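Scroll down for the structure; my scribbles are underneath it.
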Amino acid sequence: MQQYGSGEASNGERPLSCNTSSPVPALASRVRRFAQERRAVPQPRVMVVFSAQAETDKPGDAMSSSDSAEDDFRKPAIPMPNLNVGKPLRTLNASQEFPEVIPLNVGGTYFTTRLSTLRRYEDTMLSAMFSGRHHIPRDAEGRFFIDRDGAYFGDILNFLREGELPQRERVRAVHREAQYYAIGPLLDSLEDTQPLTGEKVRQAFLDLLPYYKDNLERIVEIAKLRAMQRKARFAKLKICVYKEEMPITPYERPLFNSLRFERSESEAKLFEHHCEVDVSFGPWEAVADVYDLLHCIVSDLAERGITADQQCIGVCDKHLINHYYCKRPIYEFKITWW
């Protein structure tokens with residue numbers, strides 16, 4: 001290493017004293033000299049050494065104590081930004097507390113019940129609403145408000161209180177409300193009573209006719225279009241309802257013990273045809289007969305507020321082959337709109 005004497009250094013600068021015992025006065029003198037000559041103070045080179053906790057106090061580290069003091073002197077203090085200035089600290093809302101007696105306003109109908117009644121069954125909407133984890137609005141009188149029709153909420157409360165089920169004519173409506181509030185025990189109890197049990201049986205039969213709902217929509221659309229075109233109060237449609245896959249003549253029926261019988265593929269094609277009707281239902285395999293399906297059609301139309309009357313007006317007399325005729329029954333449906 002090149003040694004400098006007491007004179008000027010090779011670059012024209014005066015060297016610092018090598019006395020390490022007091023580095024601060026020499027460092028201050030150098031800073032003042034740079035300030036007088038209007039020269040920028042050179043920034044120190046900093047080496048960051050990662051070491052274990054046990055090795056930090058060992059002698060011979062990459063940065064000596066004098067270097068650390070010089071770095072601290074040269075590097076200005078930079079204040080850390082205050083990220084919370086002007087922003088209030090967020091605090092979690094405590095769980096909402098409920099009184100033991102709960103006043104309710106369900107769609108404008110008032111009820112009063114105990115908090116334990118609403119929490120009777122877990123995993124229900126009412127239990128979650130009054131668990132304290134959710135905010136529930138109140139009306140002007142302070143009642144807890146539920147934006148739902150309250151006509152059948154009393155039946156819901158009666159079941160939560162003592163397991164009471166609604167009357168038969170209210171079962172369907174209460175079942176819809178139980179679905180909304182997700183009350184599983186009430187749903188199970190209602191589905192085991194009439195008329196929901198009968199609806200299960202009926203639906204099992206209708207599942208044999210995958211086109212049933214589409215044909216029902218077709219009946220409504222055709223009847224509406226004809227009534228509007230004719231400016232009439234009602235419309236008439238021809239609907240074929242048949243159960244057998246193959247047509248059977250009166251001469252042929254006594255020869256078979258069942259409604260289904262085997263024919264070759266070529267013979268089956270001879271019997272394929274479409275009756276000249278608006279909508280056709282069939283065939284299907286079940287004990288339920290044609291009159292059962294007619295009852296389903298009329299009932300489902302009535303559920304939609306549509307009045308339908310039906311009567312048999314004959315059979316399809318289309319000639320197929322030899323002495324075989326179609327013989328499928330044809331019904332006239334009268335759809336009244338007002």
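Here the Cβ of each residue, glycine as well, is placed from N, Cα and C on the backbone.
For 100-198, the entry in TrEMBL reads domain 'BTB'. According to TrEMBL, the region 'Disordered' annotation covers 1-24, 54-82.
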Inset, instruction - Tell me, roughly as an integer, the mean pLDDT over the domain 'BTB' (100-198). - result: 94
Inset, instruction - Go ahead and report the DSSP secondary structure tallies for the domain 'BTB' (100-198): helix first, then strand, then coil. - result: 47 helix, 16 strand, 36 coil
